[in-house]
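Q: Okay, so Swiss-Prot annotates it like this:
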SIGNAL    1-22  signal peptide
TOPO_DOM  23-627  topological domain 'Extracellular'
CARBOHYD  Asn94  N-linked glycosylation site
CARBOHYD  Asn172  N-linked glycosylation site
CARBOHYD  Asn305  N-linked glycosylation site
CARBOHYD  Asn389  N-linked glycosylation site
CARBOHYD  Asn451  N-linked glycosylation site
CARBOHYD  Asn475  N-linked glycosylation site
CARBOHYD  Asn550  N-linked glycosylation site
CARBOHYD  Asn553  N-linked glycosylation site
CARBOHYD  Asn600  N-linked glycosylation site
TRANSMEM  628-648  transmembrane segment
TOPO_DOM  649-659  topological domain 'Cytoplasmic'
Amino acid sequence: MKIKNYFIIVFIIIVLSTDVISSQSSIEDKMYTSLNSYPCTRIMTLNGQIGCSSSHGGDSGILYLIDSDESYHNYFSYNQQKDIIVVFDSNYFNKTLVLEMYSKKKMNGALVLTDIGKTYPYSPEDQYPIKQFGLYPDSNLNWNPNGDGFTYMNFPFPMFALELKTSIIIRNLSTINRDGKYPAYGAELDSFMQGAINAETCLRRGFCEPVGGQSIWSSFSEVIDQSKPIILVMLPIDATAFFRDLATGTDQSGYALTVLLSMLNTLQGVDKTKWDKEVIFAMWNSERWGYVGSTNFVNDLLNFNCTSLDSNNQNSCSSPPMLDLTFEQIKFENIYAIIEFNQIGRPVNSGKKTPNKLDIYNLVFHPNGGAGANQLMDVFSQSTQSYENSTIQFQKTTQNELPPCSSMSFIKEINKKSAPNFIGTLVITDHDYQYNNPYFGDEQDNSGNINTTTSTLFDMVQVFSKSIDLLAGGNGTVKVDDLFIREINVCLTQSITCNWVTKLMSTFPYNPIPNFYSGVYGVSPVNHITPIETRFIFRMATYLTQHRTNATNCTSDNDCDTSSSICVNKVCLYSNTHYHNAISLAFSFDNSKSSWTIVNTSYPVFVESNWDYTTVRLFQVGSYANEIWFLVSGLIELLLSVGIIFYIKKYLSKRYKLL
């Protein structure tokens, strides 16, 4: 009888437990509404940490909107007894205001609205971005005058940006709170970052990965002819933003990337049999974190030594690990010229007009390398002058220093030599000295932050392509494809869900907003984490520089027989296009511990914390009187439930001897 009673009790407990779990999930779904959001994450440095993190389990509070000077000043006398989640209109989200608010009154977290953009120039980057890793670490120039260094601050509370539609809703609900109406609204912000202390500690504990990615280089030549000089046409591919999922970086990188890929499309149609120079197009990753991609490439050109080839792939090295050795075709001493496009999306109106009454815009030459650089400037100037209605013209900078640029990685290596062989270097920008980009490193460096005059974009592609063809030995006869330029511009500056992505990619992006934050390198030297934007650019470059095809009925790239080939519509496309590791030389992989370690602190040290998930959830809060009523009601319900249970127990025990 006792055993029977035991099973009955167990059965009742299981039924009640299942019901409680189901009810708990149902109640939670009714209490909370998840919001589309973009977190501020945490990055560890050599000496500490930057970015944001919530407490374990998240932080919550009542929403308080800051959208005017009055609401900002009222915040400090706000009598709300509960914790506060500050909702920032974008105009009030900057380093000065956030630090003042946090230092004077408890702030449990922050939500930033994106429905209305800033009405003033602002950059969360430094005034001289990554100066310590460049060519002039002691420079007094401030290239980025709107910068306040907000990105490099550390905050012990969570911050999220909200997507457009969500921002409109939260703005309205926060206004209800401020007006003192009920029900009030609160939010729970959960972005707990596992990393802590500094980069060394975080790596040792296994809670971080190095910031990095994959650079891309490409050539029309099937094999690099080592007897020919090399023209290196390049740009930084990555961008930054305080909320890294919103790092569109249209003027930082996206516009120039549009130009470079359009140049590949243009130059694929020219007669390259007359070229007496090799032309290599390179797109460096993780440049915004200390010129990581370009520095790594230069170091590998000069110092990489494979001691053991991969037995299954003679173009891959097993020790030290290197998946693709094709870069060994490139000799550093063969580099004849470097041409870099760096922030070219906001050229200044010169005040002049073309014969057909179009505005003419100025691009700026930043030369280095004496006579070689002068030759490059001459060719580009002659190319634009050869077009009667060209809407771009060039002027030479008034500065003696190069702006922050990837070319510095090559020049630093040249300067180490006792008898340097100067490489003619030309950096082309939209600014002479201080950036024309008012939102460098900010979420508002988007498609609305660039020159939208299509004729200027077309003319850049035409003039740049003609110049490269002439420098390589061609006759300068080029024809641009206006439709391709328009389409690829949309892909890289507005929506990564364009037709070219559909054609070339087997996967589709979760977020349509182009995001050029480099991300993390990966868990080991051969296990990379490559974002869809980087993969798309690689496939686009491969498609545009293909030198042969093979109809194999392939279903994936694995069905094609080289790492520089891709499968498109059941056809393998072969190209001399390759990934190259973009990871700081500060790191080395310890195989015995299966973890990254810091081996050279003279190079950039940035590692990103791991996290399980991030979320923002909205909930309602009743008035004080309502909360008291719910508490009393709950206690009454509890007492009644306990009484009923005791009565049933007594009844069953007496009547059926069950308990």
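Yeah, the Cβs are placed from backbone N, Cα and C, and that goes for glycine too.
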Q: Could you check which of the glycosylation sites (Asn172, Asn389, Asn451, Asn553) sits closest to Asn475 (N-linked glycosylation site), going Cα to Cα?
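A: Nearest by Cα distance to Asn475 (N-linked glycosylation site): Asn389.
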Q: Summarise the model confidence on the topological domain 'Extracellular' (23-627) as a single mean pLDDT, whole number.
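A: Averaging the confidence scores along the topological domain 'Extracellular' (23-627) gives 92.
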Q: What residue among the glycosylation sites Asn94, Asn553 has the most other CB atoms lying within 10 A of its CB?
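A: Comparing the glycosylation sites Asn94, Asn553, the most crowded Cβ belongs to Asn94.
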Q: By CA distance, which of the glycosylation sites (Asn172, Asn550, Asn553, Asn600) lies nearest to Asn451 (N-linked glycosylation site)?
A: Asn172
Q: Measure from the CA atom of Asn172 (N-linked glycosylation site) to the CA atom of Asn94 (N-linked glycosylation site) and give the result in Å, rounded to a whole number.
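A: Given the Cα positions, Asn94 (N-linked glycosylation site) is 22 Å from Asn172 (N-linked glycosylation site).
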Q: Out of Asn305, Asn550, Asn553, Asn600, the glycosylation sites in the record, which is closest to Asn389 (N-linked glycosylation site) when you go by Cα distance?
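A: Considering only the listed glycosylation sites, the nearest one is Asn550.
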Q: Taking each of the glycosylation sites Asn451, Asn550 in turn and counting other Cβ atoms within 10 Å of its Cβ, which one has the fewest?
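A: Among the glycosylation sites Asn451, Asn550, the sparsest Cβ neighbourhood within 10 Å belongs to Asn550.
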Q: Calculate the distance in Å between the alpha carbons (Cα) of Asn172 (N-linked glycosylation site) and Asn600 (N-linked glycosylation site), and round it to a whole number.
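A: With the alpha carbons as reference points, the distance is 51 Å.
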Q: If one measures from the C-alpha of Asn600 (N-linked glycosylation site) to the C-alpha of Asn553 (N-linked glycosylation site), what distance in angstrom results, rounded to a whole number?
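A: Here the two Cα atoms lie 47 Å apart.
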Q: Could you check what DSSP calls Asn94 (N-linked glycosylation site) once collapsed to helix, strand or coil?
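A: DSSP call for Asn94 (N-linked glycosylation site): coil, neither helix nor strand.
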Q: Within its own chain, what residues at least 6 apart in sequence put their Cβ under 8 Å from the Cβ of Asn305 (N-linked glycosylation site), listed in sequence order?
A: none
Q: What's the number of neighbouring CB atoms sitting within 10 A of the CB on Asn389 (N-linked glycosylation site)?
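A: A count of 13.
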Q: Across all chains shown, how many C-beta atoms besides its own are within 10 angstroms of the C-beta of Asn172 (N-linked glycosylation site)?
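A: The answer is 11.
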